[in-house]
């Protein structure tokens, strides 16, 4: 089967699994890298100033 009926089967498997470096559910299984920390793509941990937020809404450094 191809076309529109096949698109409904694309949400069965998990796109992201738990990353073994940062522990977040952001490791892309098909692309073999973590969207959160960059594991599998770079040795340096991917980190930006806008990335982390505390519960009360304040950014942490």
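Just so it is clear, glycine is given a Cβ too, placed from its N, Cα and C backbone atoms.
The model shown is predicted, which means the values in this text are computed figures rather than measured ones.
Cross-referencing 19-37, 38-56 with Swiss-Prot places the feature zinc finger at 19-37. Around residue 22 (Zn(2+) binding site), the C-beta neighbours below 8 angstroms that are at least 6 residues distant in the chain are 34, 36, 37, 39, 45. Close to the recorded Zn(2+) site, the chain also has 20, 21, 23, 24, 26, 27, 35, 36, 38, 39, 45, 46: residues not among 19, 22, 34, 37 whose Cβ is within 8 Å of the site's Cβ mean position.
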